[in-house]
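Each remark here refers to the structure printed beneath this line.
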Amino acid sequence: MPPAAEREPWRWLAAGRASRRLVLVVVFVALLLDNMLLTVVVPIIPTFLYTTEYEGTNGSVAPARTEPAPPALKAPLFSSMFSYFDNTTVTVLGSTSTEELVNGTESSRLPQPPPSSPPVPSGCPEGEEFLAKENVRVGLLFASKALIQLVVNPAVGLLTNRIGYHIPMFIGFTIMFLSTVMFAFSGTYTLLFIARALQGIGSSFSSVAGLGMLASVYTDDFERGNAMGIALGGLALGVLIGAPFGSVMYEFVGKSSPFLVLAFLALLDGALQLCILQPSKISPESTKGTPVSTLLRDPYILIAAGALCFSNMGVAMLEPTLPIWMMQTMCSPKWQLGMAFLPASISYLIGTNLFGILANKMGRWLCSLIGMAVVGVSLLCVPLAKNIYGLIGPNGGLGFAIGMVDSSMMPTMGYLVDLRHTSVYGNVYAIADVAFCMGFAIGPSTGGAIVRAIGFPWLMIIIGVINIAYAPLCWYLRNPPAKEEKIAILSQECPMQTKSYTTQKTLRDFPLTDDSDVEAENAE
């Protein structure tokens, strides 16, 4: 083989490492797998716990409520007798005489059985008290991921400032793979809880490092908005595929199958990261980032973070409570529990990609304001559904509106740092992820308790009204003021342009090639 042909793969690999688009692909795939694992458990956990714990302790319980056959040895209240007079079988009281039977008067005299509770539709699971308690337990299990992520995120933000984004991204992949395998083979609530918490650690590394990497590579505000929209499309696609994929695989193949498929996809993601990101390479930021405490005192960053938190809290409350509510009121089979989230996932995918571009034109603040209002209205409409088809409209509107908010506020966080602080993005996207996780921590953990106390409809009313009430605060993001020193820098470097802001540090085409650090030092 000629030397030129031998060097061709290495040349392609070097070109790939210098490409911003391939970095976007890596972040897209990481968010896709993270959120597939996030939602694939939504339809599996409630039915799995019901099957293993309730049915396991109460013997073989049929899924449908059937009338028990009368005991043969007991004196029954009713009994069947054959009439030779008209060749028919009739049901009579034990005390009914043969004369009454022959005269055909027994049917009019028979007292009706005592009134009981209204009949439950066929197919509904038994154990309503167990299902009510399960709301709280499933909510806590789902919330464990976000609670752990809340704790780990600030540390990951500091770590990315010191060693760069590549190694944390690969650490996130490794932990996610272990969590996925653990989900596949866990058979108790405790092991599932540990696997979910482990997922939170891996998700923290992947999301903070991934979004920070995109913000550092796409320095132009308009390009960054488009890139964030595409990356959030990976998040949306993971949410889209996760719940329906999990419910169908669990119903027809088994509990372990969806997690083993995800583990295989995670291995492919790890190979992609090894090729593109070079996770053994330490590349710290050349400029010291703004401390998290300073960013948390910025009211504009807090408003953007609050929009992310409350809009996602609605769907976070639905995840543990909607499947159980459907089991109780609609008597839905297993596969429908995941399919109920399909309209929200499809519309979220459309919303993030559409408004990644449109939000920059119509104003990200306005896009977020409208999105939060639509989130509130959609949540108010969810309890009105009588079957799975009635959930299509509310869940579709919910997903589309959350897509509007996410695709607007994620680039806004990077824009606010450029405008008001030092242009280093690890800490601000740690805050964004904390806001996202607070929604997914508070939502499931409190949602289950609220459903048990006052019911599912009131839960939807509470979170819907909160979103509608918070929406007007997005108006303050319409024209946030810049710090004085940032105004001076911006006026010198782009006096006529208002939508593209140059960062303070020396710009490099891409910080992942072996020669890029040498080029940056020579430029300095």
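Note that Cβ sites are derived from N, Cα and C of the backbone, with glycine treated the same way.
Sequence annotations record features per position, and here TrEMBL assigns compositional bias 'Polar residues' to 96-106. Under the heading compositional bias 'Pro residues', TrEMBL lists 111-122. If you look up TrEMBL, you'll see 72-482 marked as domain 'Major facilitator superfamily (MFS) profile'. Feature annotation from TrEMBL assigns region 'Disordered' to 96-124. Taken from TrEMBL, the feature transmembrane segment covers 21-45, 171-195, 201-218, 230-253, 259-279, 300-318, 338-358, 365-385, 397-417, 424-443, 455-477.
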Mean pLDDT over the domain 'Major facilitator superfamily (MFS) profile' (72-482): what is the value?
79
If contact means at least 3 Cβ pairs within less than 8 Å, sequence distance 6 or more, would you call the transmembrane segment (455-477) and the transmembrane segment (300-318) in contact?
yes
Count, for each of 171-195, 201-218, 397-417, 424-443, the Cβ pairs lying under 8 Å from the transmembrane segment (259-279), and report the range with the highest count.
171-195
For the transmembrane segment (397-417), which stretch among 21-45, 171-195, 230-253, 300-318 has the most Cβ pairs under 8 A?
300-318
Quick test of the contact rule: Cβ under 8 Å, at least six residues beyond the ends. What residues does that give for the transmembrane segment (201-218)?
20, 23-24, 26-27, 30-31, 34, 38, 145, 148-149, 152-153, 156-157, 160, 165-166, 168-169, 171-176, 178-179, 224, 226-228, 231, 285, 410, 414, 424-426, 429-430, 432-433, 436, 510-511
Chain residues in Cβ proximity to the transmembrane segment (230-253) (below 8 Å; excluding those fewer than six residues from its ends, i.e. six or more beyond):
24, 27-44, 47-48, 210-211, 214, 261, 333-342, 344-346, 348-349, 351-353, 356, 403, 406-407, 410
